[in-house]
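Trainee: This is the structure I want to talk about, given as structure tokens.
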Amino acid sequence: MTANALFPLFANLHDRAVLVVGGGKVAERKTEALLKVGALPIIGAPSLTTSLQRWAETGRITWRQGTFEDSWLQEDIWLVIAATDQPEVNHAAARAAHAQRLFVNVVDDIALSNVQVPAVVERGPLRIAISSGGGAPMVARYLRQQLESLIDDSWGRLTTLFAQRRDTIRARYPNIEARRRFFETQLAGPLQRLLRKQRHAEAEAVLEAALAETPLTESGSVTLVGAGAGDAGLLTLNALRALNEADIILYDRLVSDTVLQMARRDAEQIEVGKSATGHSVRQEDIHTLMLQHAHAGQRVVRLKGGDPFVFGRGGEELEFLRTHGIPYEVIPGITAALACAAYAGIPLTHRDHAQSLCLITAHCQSSLDTLDWAALAQERQTLTFYMGVAGLPTIQQRLCEAGRAETTPFALIENGARAQQRVLTGTLKTLAHTAQTYAVRPPALLILGEVTALAEHLHWFGTAPLSAPCPPARIL
């Protein structure tokens with residue numbers, strides 16, 4: 001049977017009595033929601049949960065101890081919620097409520113209910129209700145979860161900002177069409193972005209200027225965004241929002257097409273990647289592009305693989321932007337060491353094996369020459385080498401010379417956290433040989449330390465780790 005269509009309605013229950021029949025966990029959740037909106041819950045049940053008992057003792061709720069009685073509805077009740085696990089009690093409460101023309105919700109029973117309690121997303125005064133009409137509540141709950149991740153707290157602050165100036169806005173724009181256009185302009189402007197960055201004073205200034213018809217010109221800005229490593233699912237919610245607000249996206253070579261497809265369709269995408277073997281864009285040219293587009297009033301996203309502040313030259317770019325007076329923000333990402341290790345089943349720290357972690361860049365010989373190899377050769381630490389494929393023979397030689405045991409296990413992770421991921425394992429003695437045997441190519445991350453041996457039985461993503469046979473001994 002198809003349920004009747006429901007009329008969506010928000011009720012003001014502040015200082016109004018609501019009868020909740022039942023004293024279990026479901027009744028507790030309903031009561032907690034009622035308390036949040038200032039209602040006066042009356043709980044009718046033989047016994048209560050610990051929380052309901054505490055609320056009754058502190059006077060937050062009224063308890064009618066016992067089984068449901070029709071007389072409970074003689075107390076100027078506005079709404080009845082039946083939330084027991086006894087169908088006969090729920091039926092009795094519903095019949096009595098219907099007889100007095102009261103709204104009643106019987107949990108998980110459409111036929112006995114004349115109102116449904118929706119799934120709700122709350123952001124301050126902003127409330128979004130989702131209902132399936134009671135027929136498929138899991139659909140409503142699933143959609144609520146999706147909205148929870150998309151709508152951050154700044155929307156609640158924006159709602160409050162507008163509500164505080166409601167009378168001023170209505171007086172300034174008495175015509176409803178003019179008022180609608182004003183709101184549309186402000187919602188598409190910088191207000192919400194400023195509130196998300198906790199810049200409340202600037203947001204208020206923008207709104208006041210708009211009401212005074214002296215709009216403040218929104219300056220361009222640059223957001224450094226970490227795209228994470230490999231799997232597009234590692235992108236953070238803030239990173240996704242930035243991509244959907246961008247006018248220009250300056251992206252690195254290692255950023256996947258899947259991530260770029262999540263960006264706003266109208267955004268211009270410009271590759272500015274660097275490569276050890278192919279075409280590279282100079283850092284000075286990247287600075288120029290950021291400056292040029294920001295000066296044009298555009299929202300620029302500087303999209304980097306991994307995290308902007310882990311071997312991503314993010315610090316240099318912020319110093320440049322600060323010098324030139326360009327507003328900026330930083331959205332961190334999951335760096336390659338964390339992503340690759342997780343997808344290979346390698347805990348970077350472990351109580352029994354490693355108490356410290358080193359992140360090391362090895363993209364050129366000069367980087368390797370400046371390292372303190374004696375410190376890196378110490379045991380009970382995990383080493384992660386970024387951009388080190390070409391330097392693997394040097395890494396092996398210098399660590400062995402510094403005293404790191406040749407039997408120290410390693411994992412070489414190629415295309416980490418991607419569908420093409422390969423994990424190669426061995427010992428320090430076989431490092432260069434293994435990379436050569438399997439023709440390892442960038443992007444690849446080297447993890448060295450006792451924890452890497454755990455990949456053999458903790459791996460969960462892609463194929464099992466591979467290892468090369470030991471190289472033949474040299475004949476002297």
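For all residues, glycine too, the Cβ spot is worked out from N, Cα and C.
The following feature annotations were taken from Swiss-Prot:
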ACT_SITE  Asp252  active site, proton acceptor
ACT_SITE  Lys274  active site, proton donor
BINDING   Lys25, Val26, Pro46, Ser47  NAD(+) binding site
BINDING   Gly305, Gly306, Asp307, Val310, Thr335, Ala336, Met387, Gly416  S-adenosyl-L-methionine binding site
MOD_RES   Ser132  phosphoserine
REGION    1-207  region 'Precorrin-2 dehydrogenase /sirohydrochlorin ferrochelatase'
REGION    220-476  region 'Uroporphyrinogen-III C-methyltransferase'
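Describe the structural context of each listed feature in the structure shown, including burial, neighbouring residues and relevant distances.
Mentor: Look at Asp252 (active site, proton acceptor): DSSP puts it in coil. In sequence order, Ala227, Glu271, Val272, Gly273, Lys274, Leu303, Lys304, Gly305 are the residues near Asp252 (active site, proton acceptor), counting only same-chain partners six or more apart with C-beta under 8 A.
Mapped onto three states, the DSSP output places Lys274 (active site, proton donor) in coil. Of all Cβ atoms in the shown protein chains, 17 besides its own fall within 10 Å of the Cβ of Lys274 (active site, proton donor).
Non-local neighbourhood of Ser47 (NAD(+) binding site): Gly23, each in the same chain, at least six residues away, with C-beta under 8 Å from its C-beta.
For Gly306 (S-adenosyl-L-methionine binding site), the same-chain residues lying six or more positions away in sequence with a CB closer than 8 A to its CB are Gly226, Ala227, Gly228, Ala229, Leu254, Gly312, Gly333, Ile334, Thr335, Ala336, Ala339.
According to its DSSP assignment, Ser132 (phosphoserine) is coil.
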Trainee: Taking the Cβ of Val26 (NAD(+) binding site) as the reference point, list residues of the same chain whose Cβ is under 8 angstroms away and which are at least six residues distant in sequence.
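Mentor: Residues satisfying the criterion: Ala83, Val107.
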Trainee: Same chain, not part of Gly305, Gly306, Asp307, Val310, Thr335, Ala336, Met387, Gly416: whose C-beta falls within 8 angstroms of the C-beta centre of the S-adenosyl-L-methionine site? Give them in sequence order.
Mentor: Ala229, Phe311, Gly312, Gly333, Ile334, Ala337, Ala339, Tyr386, Leu445
Trainee: Name the residue among the recorded positions Ser132, Thr335 whose Cβ has the smallest number of other Cβ atoms within 10 Å.
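Mentor: So among Ser132, Thr335, the recorded positions given, the one with the fewest Cβ atoms within 10 Å is Ser132.
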Trainee: Given the binding-site residues Val310, Ala336, Met387, which one is most crowded in terms of C-beta atoms within 10 angstroms?
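Mentor: The largest 10 Å Cβ neighbour count belongs to Ala336.
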Trainee: Please list residues from the chain of Gly416 (S-adenosyl-L-methionine binding site) whose Cβ is under 8 angstroms from its Cβ, counting only those at least six apart in sequence.
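Mentor: Spatial neighbours, sequence-distant, of Gly416 (S-adenosyl-L-methionine binding site): Ala229, Gly230, Ala336, Ala339, Cys340, Tyr343, Ala344, Pro443, Ala444, Leu445.
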Trainee: Does DSSP give Val26 (NAD(+) binding site) helix, strand or coil?
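Mentor: Going by the DSSP assignment, Val26 (NAD(+) binding site) falls within a helical segment, counted as helix.
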